[in-house]
Amino acid sequence: MKIATFNINGVRARIETLTGWLSEAQPDVVVLQEIKTQDEGFPAEPIADLGYNIETHGQKGFNGVAILSRYPIEDVMRGLPGDDTDEQSRYIEATVVGDRAIRIAGLYLPNGNPFPGPKFDYKLAWMERLRARGQALLAAETPAVMLGDFNVIPEPRDAAHPERWLDDALFQPESRASLRRIIHDGWTEAVRLRDPDATRGPFTFWDYQAGAWQKDNGIRIDHILLSPQAADLLVDLGIDRDERAKDKPSDHVPVWVTLDA
DNA sequence: ATGGTTGTCATACAA
């Protein structure tokens, strides 16, 4: 089962970017972030035509997440638990049933800029809620995958120019420590397994501005966390870096794992 | 210090 995350940066504006990648990469399950549409505006037909079931958690104008799956989607949960007043659509969780059932948590973690300020406070509070939800998923002792745009640069080597991010919410010590706490509860960070000793990169995001892609001025902020039972099924992983060079790209590229499931 | 880009919605805001 190939499971991917893709911050599409507007699914209506980039539907052909998405369907082109789906046709080429053939993922079984995809979590999308920044669909930037309400549920009723989601361009379901061209995606369903490629064989995907669709569950969305949309929002007008900003944010919005979705799950696409070639397998049946069951027990959908919309919104991150822990704050009834939170109206931002940044979390969707569901079970996909292939050879085995896998719990999928698709997330769009708050950016948190400008730092400091209320948006950064919201980011840290959201991360504490995510940690609690992650602990519940781990306690189930079943295969679970928590993946998406985490908006956190884990380490200096995850940025081409880490010194430029020192004042940014994505690279604050508090953000990084919070992500470490989540992972240390028992998750396996999949992408870093490929080259554990890399001194720079790989990256998953390149800003549209100032020729960041051409200069390979990227950061790694899209992550895939595996529960122990999911990590035991890990077969392969990758970053579809080439998508960033195509027409009308998102500023993020897809990141994926293959599980024996 | 500023401008550099993009999507959405309506002229800024979020990223």
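Including glycine, each Cβ sits where the backbone N, Cα and C put it.
Caution: TrEMBL annotation is automatic and unverified by curators.
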Record-annotated Mg(2+) site (TrEMBL): member among A:Asn7, A:Asn53 besides A:Glu34, A:Asp149, A:Asn151, A:Asp251, A:His252:
A:Asn7
Taking just the CA atoms, what is the gap between A:Glu34 (Mg(2+) binding site) and A:Tyr108 (active site) in Å?
7
What three-state class does DSSP give A:Asp222 (site 'Important for catalytic activity')?
strand
Residue from A:Asn7, A:Asp149, A:Asp222 whose C-alpha is spatially nearest that of A:His252 (active site, proton acceptor), among the recorded positions:
A:Asn7
